[in-house]
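**Q** Sharing a structure below in structure tokens format, with a few things to ask.
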Amino acid sequence: MLRIAKEALTFDDVLLVPAHSTVLPNTADLSTQLTKTIRLNIPMLSAAMDTVTEARLAIALAQEGGIGFIHKNMSIERQAEEVRRVKKHESGVVTDPQTVLPTTTLREVKELTERNGFAGYPVVTEENELVGIITGRDVRFVTDLNQPVSVYMTPKERLVTVREGEAREVVLAKMHEKRVEKALVVDDEFHLIGMITVKDFQKAERKPNACKDEQGRLRVGAAVGAGAGNEERVDALVAAGVDVLLIDSSHGHSEGVLQRIRETRAKYPDLQIIGGNVATAAGARALAEAGCSAVKVGIGPGSICTTRIVTGVGVPQITAVADAVEALEGTGIPVIADGGIRFSGDIAKAIAAGASAVMVGSMLAGTEESPGEIELYQGRSYKSYRGMGSLGAMSKGSSDRYFQSDNAADKLVPEGIEGRVAYKGRLKEIIHQQMGGLRSCMGLTGCGTIDELRTKAEFVRISGAGIQESHVHDVTITKESPNYRLGS
């Protein structure tokens, strides 16, 4: 007898039922819990894939209210540096600003500027006492780069200094009065504590919805493998200030993965850890018991994933999410739906099935901010996109995600493909369209918050004819819509 557990459904098998509503789409609250302690302003995460998320995309997504996960197909030092780039991009108060000594040469300062991408450095003594600041304006026309900083720096008498905790309005007024772009935070002994820049104030005003930590820095996540030898990578990422760690595997309900989570939790009791991927209630429970702060669901739904075809294993995504959510009821541990999201309606369906947020790859892979070059093919612009189970990605370092250790291409068994997606422009436009669709869903279903959508919205199951009727039919599309693309 066939051991068939049950029937399982995915996004195209269901629709949400409209309900009486007092909710206007533009008043819907899209904020949600990523973990018990991290709140997002939109329920969107970017996948930890080498053609999707590095610092540039993570910054752009955090500014829109979501969070990006830096992929691990790079050296430990580089991944930690990518995390630092995000954390320092928009800092509020930079608590550990890079400083120079009065004896530092201008040539060394120039090298620092080229490496870091910014030109203002507080000048401190060996005892961390503030004596001045050197900026790009101070040295713009200097030709002798062997001179020490002390010759050209702005001395401390002319600096704008503030005490810790000073009101934003006071700081801005002082900066405006002296016509400067940087204010230095000092204690009573004039020791440097931090630095505030006008640019950070401007960025905060431009992006009020940004996802930030308590210190006003953008939030960022990073992925690590579950295999042995990843301890050093975890330590480096924690030291770099990562907000949430993703212990990433194609099969999270595996003893090796669970053990890695237990060990990481024991070493870092307060670190936010996401574990995955699973597709069953038992898998979700196992991750929660191992110490996960959130559980990621999805075995094989992604556009570039061939796991279900190569292995014959997987659970359609709506059922997988609903089962995981039911298993974690009462624990306060959120579920993340990872993969298979093609339209904003799929985001709404995943959340209505119980997910607190969705992780997307192909949706963001063709954006300006994603890694990789724009390619021209038959007159259209594309960007490359590949699964972390593809031969190319596995030979670069992601093979441990699929429990394979031999990096010779002819010995690897891929569970993903390499392809291309249409170039989509800037990430913020994609987010605007996707979140706009989600807001419209919340208006139609009468759900004012993500939590209400998770718990109140009802589904109907539809037939093949129902999905055919739902899509564009009996017409030729002459102008592409920004939120509806079939194929690529």
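Glycine is no exception: its Cβ is also placed from the backbone N, Cα and C atoms.
So Swiss-Prot has the following annotated:
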ACT_SITE  Arg401  active site, proton acceptor
BINDING   Gly300, Gly302, Cys305, Glu469, Ser470, His471  K(+) binding site
BINDING   Ser303, Asp338, Gly339, Gly340, Gly361, Ser362, Tyr385, Arg386, Gly387, Met388, Gly389, Glu415  IMP binding site
DOMAIN    153-214  domain 'CBS 2'
MOD_RES   Lys267  N6-acetyllysine
MOD_RES   Lys428  N6-acetyllysine
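For each listed feature, how buried is it and what is near it?
**A** Less than 8 angstroms from the CB of Gly302 (K(+) binding site) sit Ala47, Asp338, Gly339, Gly340, Gly361, Ser362, Gly387, Gly416, each of them six or more residues away in the same chain.
Taken residue by residue with DSSP, Gly339 (IMP binding site) is part of neither helix nor strand, so it is coil.
For the recorded site, Lys267 (N6-acetyllysine), the DSSP three-state label reads helix.
Counting every protein chain shown, the number of other Cβ atoms lying within 10 Å of the Cβ of Lys428 (N6-acetyllysine) is 16.
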**Q** Which residues, sitting 6 or more apart from Glu469 (K(+) binding site) on the same chain, put a CB under 8 Å from its CB?
**A** none
**Q** What does the structure give for the C-alpha distance between Cys305 (K(+) binding site) and Gly389 (IMP binding site)? Integer Å is fine.
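**A** So the alpha carbons of Cys305 (K(+) binding site) and Gly389 (IMP binding site) sit roughly 7 Å from each other.
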**Q** Which numbers of helix, strand and coil residues does DSSP report for the domain 'CBS 2' (153-214)?
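**A** Summed by class, the stretch gives 23 helix, 18 strand, 21 coil.
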**Q** Which one is it, among the recorded positions Lys267, Tyr385, Gly389, Lys428, that lies nearest to Gly300 (K(+) binding site) by Cα separation?
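**A** Nearest candidate: Gly389.
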**Q** Just to confirm: which same-chain residues, 6+ apart in sequence, have a Cβ under 8 Å from the Cβ of Tyr385 (IMP binding site)?
**A** Thr51, Val52, Ile304, Gly361, Ser362, Ala365, Gly366, Glu418, Gly419, Arg420, Val421
**Q** With DSSP assignments reduced to helix, strand and coil, which class does Tyr385 (IMP binding site) get?
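**A** DSSP assigns Tyr385 (IMP binding site) to strand.
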